[in-house]
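Here is what TrEMBL records for this protein:
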TRANSMEM  36-59  transmembrane segment
TRANSMEM  89-108  transmembrane segment
TRANSMEM  114-134  transmembrane segment
TRANSMEM  141-166  transmembrane segment
TRANSMEM  186-208  transmembrane segment
TRANSMEM  220-244  transmembrane segment
TRANSMEM  264-286  transmembrane segment
TRANSMEM  298-319  transmembrane segment
TRANSMEM  325-346  transmembrane segment
Amino acid sequence: MRHVLDTARVAFTYVGTVIGAGFASGQELVQFFVSYGTIGLAGLALCGVLFAWLGAYILQLGHTLRASGYHQVLHYACGRPAGLVLDNITAFFLFGGLTIMLAGAGAVCRDYFGLNYNTGLAAMALIVAMTVMTGMKGISLINVIVTPLLIISTVVIGVNSLIYHGVSPGLLAIPPLPGKQPAPNWLLAGLLYASYNLILGATVLAPLGAQVTSRQARLAGGVLGGMVLTLLGLFIVIVTMLHYPRILSYEVPMLYISEAQQGLSHYGYACMLIKAMYSTALASLYGCTSKFQSATGLAFLPSLLILTAVALAVSQLGFANLIGLLYPFFGYAALIFTVRLIWLSLRDSLWR
């Protein structure tokens, strides 16, 4: 029973860390996969293999290295010089992730609850900052609660859309749209998407691996989490393809899809999406605050307040613009991490 609970805890934490608002909203998946047309599904399949394989391996590394944070895994995988550089880039990415979650909350509050954009930003920033003050226990609890609810709501909305439209080869045979693509081809887009999400996942998986004593639970939880992410991603991609090309003009595609359905499903999904933004923002703010604290020597609270204030200002750029700008950039920077993990997982006795 303990093994099953540990496996579930690992899987839900993994999914909750990666799924985020960009994933759950459909915006990331539209940019990185749907924009390449039907062949974009091959890029998603590649991501699925890497999520399951390398997610489990990061957990193993975290346990062996007794990792207290993601930096030990970065240094082990990339070597100290490259690891230090990537560590700093990761801190910047975590801050970027925070701004994206705040911008997403502002967009949802504006478009679906009739609130001012900046009111949504400020409310989310305040709640996130107050929760981060409670430490990692509060952050872990949020992931365990939010992730199953978000998965269920996504599946319900997707099933309703599939029932209405039906699925046929013709509906899924969509052309590529080069102007929306973050990389020259679907293969590189898939690698970029996997790379930045694996480092984001490592911020939680590395210390979590150190805490989970069962090797079987670590491996099973990592693989299960990767499979859930892939299946949920495939589900969202197929649903958004049914609404192509109209879906490309919306900042939050899944909310547009839910709004087209009968009843109040879009309000329910909007609430779930805000919770996903909340959980991702927690991990991002905690990680970049810890890094900022160690780099500047400031106490945790002043560091947290400074970063929250700066994130509020940067969030004015908007949700979709930030995803299109920051995620591909970090994906390129994180490619070395992914390539090194693939090599080490094949070579390292930890995997056997």
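Positions of Cβ are set from backbone N, Cα and C atoms, glycine also.
A TrEMBL annotation is a machine prediction, not a hand-curated record.
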Maximum Cβ pairs under 8 Å to the transmembrane segment (89-108) - stretch from the list 114-134, 141-166, 220-244, 298-319, 325-346: 298-319
Remote residues contacting the transmembrane segment (220-244) - C-beta distance under 8 A, at least 6 residues beyond either end: 6-15, 18-19, 23-24, 26, 29-30, 33-34, 38, 40-41, 44-45, 47-48, 50-53, 55-60, 151, 154-155, 157-158, 161-162, 165, 167, 171-172, 174, 205, 212, 253-254, 256-257
Residues from the same chain, set at least six apart from the ends of the transmembrane segment (264-286), whose C-beta lies under 8 A from its own: 16-17, 19-21, 24-25, 94-95, 97-98, 101-102, 104-105, 108-109, 112-113, 124, 127-129, 131-132, 136, 138-139, 142-143, 146-147, 149-150, 153-154, 156-157, 160, 203-204, 252, 254-255, 258, 304, 307-308, 311
Ranked first among 114-134, 298-319, 325-346 for CB pairs under 8 angstroms with the transmembrane segment (186-208): 325-346
